[in-house]
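If you look up TrEMBL, you'll see S117 marked as active site, nucleophile. Residues or ranges marked as active site, charge relay system in TrEMBL: D140, H226. What TrEMBL records for R154, D156, D159 is Ca(2+) binding site. Among the features that TrEMBL reports, domain 'Lipase' is placed at 15-297.
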Amino acid sequence: MLHTRADRAADHDVFVVAGDASTIEASTFDASKPTKFIIHGFIDTGNTYWLPELANAFLDYMDCNVFRVNWGDGSLPMYSQAAANTRVVGLEIGYLVNWLIDTYGVKAADVHLLGHSLGSHVSGYAGEQIQGLGRISGLDPAGPYYTSMPPVVRLDPTDALFVDNIHTDADSIFLLGYGTGQPMGHLDFYPNSGHDQPGCDPISIAIDAITPDDVGDIRDIGACSHCRSIFLYEATLTTDNCDFLGHTCYSYDSFELGECRSCGADNSKCAYMGIRADEYVSKQNINTMAYLDTDDDEEPFCLEHYVVTLLTAYPDGAESWVVGHLTATLYGDTGAVLKDVKISDEHRRIDHGQETSFLIESHVHLGTILRAEFTWKYDDQLLRPGTYCWSLICNRSLYVQSFEVSPINYYPESTRLQHTQLLCASGGAVTEIKDGKTVSVAPTGSCTPVV
């Protein structure tokens, strides 16, 4: 089924059949424009609500041809049979694309296949047949029967000039995950770790146990995380004031600790998720893994990410480390205020004389930070005697030389650095934050830099 800007008012579907020139010539297909194919996965059809929604989002974003592929008769339970059908569907799509190339002069590099779940691997099989295919985007590529299999069996970076994936249900099949954590492209994104997504209840049944009677419930409830990849991709088409920027990092846990704030001098450590993923500067690399966080199922999904880095001091009288909660209020040059944000929700050890980073996420766009307030609360834990700090014999204060606040949604790296602010007390003096107290800091020009 074909969608173009020229036929958006049509009250009927426009069907195109490979090899039947009359179906193309009776349509508004324009071979000079980019062409997208949206390919559903298990239990869906070409008429499932999200496919026309995504097609319209593409047409709002750019002038292109959008095909909805319908293999619904082959995608129904049982899963094992649907997985077996993917190769046939991929061959059919490959035949259609090659026919458009040979007959109408479509450029293979302008063709982009987007597949959800099993549709990701359908895209891979199609890509094997199309010389110079421009791009494949896998939306939570299916895991069962594909994870750890040879590249010829699954989606892989050789299937197109550029392959990008979004993983949102990466639990193994033994934990009832429908996706995979295995990177299968040049660039793979793992929002919220790539596992259970915020706002989704972890309700699943074994994929091989799904029957036709389960289809509606599984899509809407049990496959919430699996389907989140679709809506995140669509959000990258429809969100104007926030960038879905992923950061490469040692692990998702390291990203959550604020350890990966830089895009690198060559900008190779950051990439846009979704429609702009093909702007990545190191597309020649494969299996690059990038992380970011998104909000729950209440749109907009996009979040601003800020890394706060403390360069702590170790003056005479200070403990070598303290434990507790640090709360921040940030004032930006956009006029916005991010108020009373608990930087760490968990008991956190902070060593004096070292750097410690924290990640803050919010819908609030602050721009460049003008000033900040930090509140420190020491945290004694009864089950951890080593954290006891009696005020008569122990110093509960946190000592900070300088605070760096970096909005890491900015790209390229030069722009992030331009908006990064170094804050400290007047004259660059060490700031003592006593237990239960608040201090205010601002850019002074004399702050000690954070490495």
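Each Cβ is built from the backbone N, Cα and C atoms, and glycine gets one as well.
Sitting within 8 Å of the Cβ centre of R154, D156, D159, and not among those site residues for Ca(2+), are the Cβ atoms of H121, G124, G127, P151, V152, V153, L155, P157, T158, V163, M184. The two recorded residues H226 (active site, charge relay system) and D159 (Ca(2+) binding site) have their Cα atoms spaced 23 Å from each other. The recorded positions near the residue listed as 'active site, nucleophile', taking a 10 angstroms Cα-Cα threshold over the set D140, R154, D159, are D140. When the neighbouring Cβ atoms lying within 10 Å are counted for each of the recorded positions (D140, D156), the highest count belongs to D140.
Secondary structure at D156 (Ca(2+) binding site), taken from DSSP and collapsed to helix, strand or coil, is coil.
Cα spacing between D140 (active site, charge relay system) and D159 (Ca(2+) binding site): 17 Å, rounded to the nearest whole number. Counting every protein chain shown, the number of other Cβ atoms lying within 10 Å of the Cβ of R154 (Ca(2+) binding site) is 24.
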